[in-house]
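Asks: Can you read through this structure? Questions will come right after.
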């Protein structure tokens, strides 16, 4: 399905470019790229393709959505970003959070994800329970990413590779530890570690291990472990799709 992007004013475009520069410096300095990427993902990942509700429209700044169990700790991200957002009142929260997610990938060495401005903020947070549950397997991943969001099997595996940065925190998800030995570098090590098997100090969630036992997912894991360029290309495409769920639909 093609996209029909809204036209934004030159002033808006200029504000986006300036905000991007500010975000680059800030996220690098605070070493908070994983948290900011999680904010962008969790904001977008609530989209339901049947009802056309949820999605990347800024609602995650509301306390009601931050209170969802899957969003534990994201109030920190919202708080961290607010002083920068205040410098750009013209920019919607919807655009700002997705822009921050794109920057988080880029400054940790990941691919450049295209960004199109023009999302409008929506007033109503989505209901709880739309985000993936890390304790579940491949059927659940397909229900959430495929049926609800409309993403492909390839998108699911590529997006899982976003766990190359960051760590799980017991007080947020019940799990503890990083997925890779360098959690501030975006590379294909999530997949190489997954294929190597469990290691002391590194995390593999049930939803990660599910990628190895599924006949469609596993070959993609192997492909990405063998070729980082292929992973980067597919990741950029999947991240773009996720960041535009329900936005600019032609």
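Any Cβ shown, glycine's included, is placed from N, Cα and C.
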Asks: Tell me which of 88-112, 113-137, 138-162 corresponds to the region 'Disordered' entry in Swiss-Prot.
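Replies: Per Swiss-Prot, the stretch marked region 'Disordered' is 113-137.
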Asks: Out of 164, 196, which one does Swiss-Prot list together with 180, 182, 185, 187 for K(+)?
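Replies: Record check against Swiss-Prot: K(+) site with 180, 182, 185, 187, extra candidate from 164, 196 is 164.
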Asks: Other residues with Cβ within 8 Å of the Cβ centroid of 164, 180, 182, 185, 187 at the K(+) site?
Replies: 108, 109, 165, 181, 183, 184, 186, 189, 190
Asks: Going by C-alpha distance, which of the binding-site residues 163, 180, 182, 187 is nearest to residue 38 (site 'Transition state stabilizer')?
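Replies: Going through 163, 180, 182, 187 one by one, the closest to residue 38 (site 'Transition state stabilizer') is 163.
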Asks: My understanding is the cutoff is Cβ-Cβ under 8 Å with a sequence separation of 6 or more in the same chain; which residues meet that for residue 42 (active site, proton acceptor)?
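Replies: Spatial neighbours, sequence-distant, of residue 42 (active site, proton acceptor): 60, 70, 71, 74, 131.
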